[in-house]
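The block underneath contains the structure these notes are about, expressed in structure tokens.
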There are 2 protein chains.
Amino acid sequence: MSRAFNFCAGPATLPEAVLKQAQSEMLDWRGTGMSVMEMSHRSDEFVNIAETAEQDLRELAGISDDYAVLFMQGGASSQFATIPLNLLGDKTSADYVNTGIWSKKAIAEAKRYADVNVAASSEDTGFTTIPEQSVWNTRADAAYLHYTPNETIGGLEYDFIPDSGDVPLVADMSSTMLSRPVDVNKFGLIYAGAQKNIGPSGLVVVIIRKDLLGKARQQTPTMMNYQVIADNGSMYNTPATYSWYLAGLVFKWLKEQGGVQAMGEINARKARKLYDFIDGNDFYANPIDPRFRSWMNVPFTLADDALNSEFLKGADARGLLNLKGHRSVGGMRASIYNAMPEEGVDALIDYMAEFAKERG
Amino acid sequence: MSRAFNFCAGPATLPEAVLKQAQSEMLDWRGTGMSVMEMSHRSDEFVNIAETAEQDLRELAGISDDYAVLFMQGGASSQFATIPLNLLGDKTSADYVNTGIWSKKAIAEAKRYADVNVAASSEDTGFTTIPEQSVWNTRADAAYLHYTPNETIGGLEYDFIPDSGDVPLVADMSSTMLSRPVDVNKFGLIYAGAQKNIGPSGLVVVIIRKDLLGKARQQTPTMMNYQVIADNGSMYNTPATYSWYLAGLVFKWLKEQGGVQAMGEINARKARKLYDFIDGNDFYANPIDPRFRSWMNVPFTLADDALNSEFLKGADARGLLNLKGHRSVGGMRASIYNAMPEEGVDALIDYMAEFAKERG
């Protein structure tokens, strides 16, 4: 078929313009006679690709020189261990907020290294809301406060940035990075697996306030030591060069779209359209507290679960792909990251309306 | 320019046929309407790509069911820590053989976790030879014996597989993997960063005998725990899907070339041609003990170092790229992995002959 609308939660759809450029440069990057994936990471050409990508990311996200930007490997899941190994320093405890499956994974891994305090949890609601910060049981001696701004599986997103006082705030932005303006200066560390809003899997971007570097526990694997990675410009070993290059193409594309301000407006509109349709149609439902509905991941159920496979089959036939919900949640999920065009959301709504009319 | 002959040590040249296929499939893999890098790693399509790649690798390298094959992230440098964290078990010591810069890096990282015994070293020769195994000071209580079959920087390659008795043999095959037939059954663990003979950087292949699984130290990061990765088919988290796909294309290409038997013959011929030329020409020299000259990485010096930049400039002009030697060794280095066609070696020799005649 021609290009489909791919609602996968990650790895996720990429901008068609980015894929076309990568395609055209695949065998010969700008007259070098090589693919980017064949270049030495220490070559002038690749170093320029890498530095340009970092500069564009800094510009897009408003990252000051107080922060190091690292292009690492191993995905966000590796960061679940890397963070306590690097940030505990001479402290032993860390605060975590539990708002869904990804929070829980981060907590489970951190418990292997730290005295973890779950400062707040919405598990008793089935992760359909986010506890107000006023009831969080944070500790002043915590090495950091970790939260998950957007839960990819649950479809639950913070509409505020927690105030952590002097405690460094750490955020897993894998599924929300660059989707709207965020004040980076409120954070000690931001990390994001690339495969949702940045590029292909196999790359994880870490933005860390420089005063938090240099505190890695003695037994931290060198490849997980933020200070080492920062000192070596993310080239302590061979980085994931092709993924880094593709991320750079995505950053250029984002700038052409008007940056995160413009993306935030588009994403708000896409999400509002879809939630408005769901709320206005008895056949569909979304369980999340309206205030905390994710702009990026929209789970929804059909009035009759027995129709799920027919719904998915009809969607596939129209090129509306990967709408099946996560196995732990069931139902459907439409992930509508930056690279999902508004026409994709419109096409989905059209199909949902038609399906509800015929089968509802 | 058109496609150059790229002698980079890694990331390295890839087969043109592989890049062309990746190019043609970039926006739409086999009518799915998606790029492989946009597919869910849990989709039927990607799982099939992943399993086919593993099967082809097993067939190529002759890997039995006694071994697990893992597609991990972080490169060989991450394995330097992952290996002691997983293989020490209830032992405290490990044996390492030091034959060059990559051996030394593996040793330095292992020392952070283990009582490391350097069983043998050729450092006193400037890493120009490999000590006979009869003089190795190995220990019966070592958890494993680690060596580096091919030193990418020095251009030094074992012509034998050490006999480690009951002690598991561990090998960093990053730069020699699949370049000639090897009896995998002699090894406890083989690892290889992909960016030389397998695919793009950001992927590391680990072949581990199954009885060595399940011994990870308690504080091993979960993403470094071989048992966890094996239990989850290398999908404990989102793997580097696009790199895995490209590796699969390389494996298919290798099978079409006749597998590792055929590659071994071609590689032997390529290396012999180049070394014979170097030995037969007073203007060029290679310092390595002829018995242990690498088939993959051929360092050489010019009679007059002052001519190095002129040599490199002339090479570049002919599309013979990345011949500059590693900064720690100087001179030149031609990496002639599987994907370097024999015509590339011929073109290099022609140029070297001409340069020596004109400037020698």
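Each residue, glycine too, has its Cβ placed from N, Cα and C.
Those TrEMBL annotations? Automatic predictions, nothing curated.
What TrEMBL records for the pyridoxal 5'-phosphate site is B:A76, B:S77, B:W102, B:T152, B:Q195, B:N237, B:T238, and among B:D56, B:D124, B:D172, B:D211 the residue it adds there is B:D172. In this structure, the CA atom of B:R42 (L-glutamate binding site) is 9 Å away from the CA atom of B:T238 (pyridoxal 5'-phosphate binding site). Here the binding-site residues are B:S77, B:T152, B:Q195, B:N237, and the one with the most other Cβ atoms within 10 Å of its Cβ is B:Q195.
Neighbour count (other Cβ atoms within 10 Å of the Cβ, all protein chains): 12 for B:R42 (L-glutamate binding site). Summarising model confidence by region, the domain 'Aminotransferase class V' (B:5-348) averages a pLDDT of 97. The Cβ of B:W102 (pyridoxal 5'-phosphate binding site) lies under 8 Å from the Cβ of B:A76, B:T148, B:E151, B:T152, B:I153, B:D172, B:S174, each on the same chain and at least six residues away in sequence. In the three-state DSSP scheme, B:S77 (pyridoxal 5'-phosphate binding site) is classed as helix. According to DSSP, B:K196 (N6-(pyridoxal phosphate)lysine) sits in a coil region rather than a helix or strand. Calculated from their C-alpha atoms, the gap between B:S77 (pyridoxal 5'-phosphate binding site) and B:K196 (N6-(pyridoxal phosphate)lysine) amounts to 14 Å.
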